[in-house]
Amino acid sequence: MPLTDAADSRDSAFPNPQSPIPNPLDVPRHVAIIMDGNGRWAARRRRPRAIGHRAGARAVNVCIDFCLDQGIRALTLFAFSSENWGRPEEEVGALMKLFLAALDREVEELHRRGVQVRFIGDRTRFPADIRARMQAAETLTRDNARLTLAIAASYGGRQDIAAAARALAEDVAAGRLRPEQIDEAAVAARVALADLPPPDLFIRTGGDCRISNFLLWQLAYTELWFTQTLWPDLDAATLHAAIRDFGARERRYGLTGEQVSGVRSSMHGSATT
Ligand code: FPP
């Protein structure tokens, strides 16, 4: 079932500026993660950075297992930013090898477990063998609906918004759209992951408190959670702590607390407020 299917009451309650306030979620539908700290994890062990990335790939599996266990419906991982191409050639090469190996090793199993794999970002910059594996993984898993795993690779949030602006300009130039029809919904429909609810929860490991050009449009009302834990040390306990914290937050979408609970009780009765 797609995440936007109205049959799922949690999904149909997802807010946009025109829609009602949703019920609070115990478990986020969509989690987006900046997996930071691989380099420092390796440095602490006096090992090359590539070893940290390899350990980071193992933590990706911990995270996917957790999402499947908890019924989280979408997971977006920032694997490689548009800026990461500027890292030392040796590190970029090691990451490319790691991506290739992970695609070869993991995709069948992800498919078996009902995971839909997709990639966002400028894949034209990747070598042909990786591009072919990305395409094959997407094709193989496209009908899976248990968990959508989006890997942001050669991705930048500004680049994403610029591409949406370009698509809008093309639609206007071709006469498919009038300038006055350009609104938030028109932009939202053209950024990455437009068919998913925006992330409910953003997690960044590694101790830095910034968004670093990830999902800039999509994170507007996302709850942000930061941890000192380095990505390769990620475990289920850390993820549980993030989910607990998320569940305790009041999401107000720019309204007051009274308004939010008032809208909820009028929509669903006092039992759901
Ligand atoms: C940031 O840590 C991490 C990356 C740029 C790469 C992320 C890659 C993985 C987790 C491995 C494989 C991923 C997949 C999807 C198979 P950093 O190197 O910036 O760490 P530092 O801040 O400690 O230097």
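Every residue, even glycine, has its Cβ placed from backbone N, Cα and C.
The region 'Disordered' feature in TrEMBL is assigned to 1-25.
Counting Cβ atoms from all protein chains shown, Asp36 (active site) has 22 others lying within 10 Å of its own Cβ. Look at TrEMBL and you will find Asp36 tagged as active site.
Marked as Mg(2+) binding site by TrEMBL: Asp36, Glu223. DSSP classifies Asp36 (active site) as coil under the three-state reduction.
Mapped onto three states, the DSSP output places Ser82 (substrate binding site) in coil. With a 10 A radius on its CB, Ser82 (substrate binding site) counts 19 other CB atoms from all the protein chains. Sequence annotations record features per position, and here TrEMBL assigns substrate binding site to 37-41, Arg49, His53, 81-83, Trp85, Arg87, Arg204, 210-212.
The active site, proton acceptor annotation in TrEMBL covers Asn84.
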Query - Trp85 (substrate binding site) to Asp36 (active site) - Cα separation in whole Å - result: 16
Report summary line: Across all protein chains shown, the binding-site residues Trp41, Trp85 give the max Cβ-within-10 Å count at Trp41
Query raised in the report: Under a threshold of 6 Å between Cβ and any atom of ligand 1, which of the binding-site residues Gly37, Ser82, Trp85, Arg204, Ile211, Glu223 are retained?
Result: Gly37
